[in-house]
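Chemist: According to Swiss-Prot:
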type	residues	note
ACT_SITE	206	active site, proton donor
ACT_SITE	228	active site
DISULFID	34-49	disulfide bond
DISULFID	208-224	disulfide bond
DISULFID	334-339	disulfide bond
DISULFID	358-367	disulfide bond
CARBOHYD	279	N-linked glycosylation site
REPEAT	161-191	repeat 'PbH1 1'
REPEAT	192-213	repeat 'PbH1 2'
REPEAT	214-234	repeat 'PbH1 3'
REPEAT	243-264	repeat 'PbH1 4'
SIGNAL	1-17	signal peptide
């Protein structure tokens, strides 16, 4: 009996002396399900978790909610309201990355950039240094779905990856319409192969979509309001200057400067090929219903097209609707021989005034 008591006491001492499991090992042992309430905690420990819940996180000023090291196959869920401290810096405020990642949100959640603190009407062209919102970079076979994002300081999503799906995303920067919001692009896509954006609902002050380079890109079922329209370009003077196999379809552009557009940089080299705009409805477009021009320089048109970025195998099919009284339904400004193999049908845009400045319109198209 005395021996048994001593044995039990010894066992108890050993148990007491054993080190407590680390926070990381606890997460792994519990099936890798983690709820975080701070950005630092999430960024440091996300790689240990298969299911990540971000609950009412207030990201400190000048810091990134960095989820780029999430483990393969992880699911990231935003709950409540995610906010960010104020600082003049380049950002991003959030970073995603990884393989087979799913990013989603709980019902009623919102990611609020509180952009009015930075808005000054200048965007990225001066004034306050403004952080970009969300980098979705180095994503492979991943999905971002159902997010509600509002009040971005400047550009919202920067997308670089392969086989990336962005589904049913709401971007509401409408507060910036009368408060100095500028350069609030919804989706900037570059250096990607396979990006599929479906069901986006966007209110902003710049491009709803801007494709700067990449291939096999689809943008379908979108509603774009208040910005600059659905764009390819400007193409040229980047590390990658090729855009091919793009489909934009079944979408509506409302109260925007432009409906659909392709713009290439004057004097640059590159290519745009295999682009289809199909079944696009335009409403109250302020400047150009359809605009395709090869004359951009220093952020604006020059009126003098160049031929270094040819636009070939373009299909414009079923683009209909209206432009404002002072707008132009269609504007085409191509270099000599640098726009070819176009298919143009079912284009019917009412209102505005026909342009007399179109140049080198390819066979089959009309201006």
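Placed from the backbone N, Cα and C atoms, the Cβ positions cover glycine too.
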Chemist: What does DSSP give as the helix, strand and coil breakdown of the repeat 'PbH1 1' (161-191)?
Modeler: 3 helix, 13 strand, 15 coil
Chemist: Relative to the Cα of residue 358 (disulfide bond), which of the disulfide-bonded residues 208, 334, 339 have a Cα no more than 10 Å away?
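Modeler: Those close enough are 334.
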Chemist: From the Cα of residue 334 (disulfide bond) across to the Cα of residue 367 (disulfide bond), what is the distance in angstrom?
Modeler: 12
Chemist: Cβ neighbours within 10 Å, counted over all protein chains: which one of the disulfide-bonded residues 49, 367 has the most?
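Modeler: Counting every other Cβ within 10 Å of each candidate, the maximum falls on 49.
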Chemist: Nearest to residue 228 (active site) by Cα, among 49, 206, 208 (recorded positions)?
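Modeler: Spatially nearest to residue 228 (active site) by Cα position is 206.
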Chemist: Let me spell it out: for each of the disulfide-bonded residues (208, 224, 358), count the other Cβ atoms within 10 Å of that residue's Cβ, using every protein chain shown. Which one has the most?
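Modeler: Of the disulfide-bonded residues 208, 224, 358, the most buried by Cβ count within 10 Å is 208.
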Chemist: List, in sequence order, the same-chain residues at least six positions removed whose CB sits under 8 Å from that of residue 339 (disulfide bond)?
Modeler: 292, 294, 310, 311, 312, 314, 332, 360, 361, 362
Chemist: Taking every residue in the repeat 'PbH1 1' (161-191), what is their average pLDDT?
Modeler: 98
Chemist: What's the CA-CA gap between residue 49 (disulfide bond) and residue 208 (disulfide bond) in angstrom, rounded?
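Modeler: Residue 208 (disulfide bond) has its Cα 33 Å from the Cα of residue 49 (disulfide bond).
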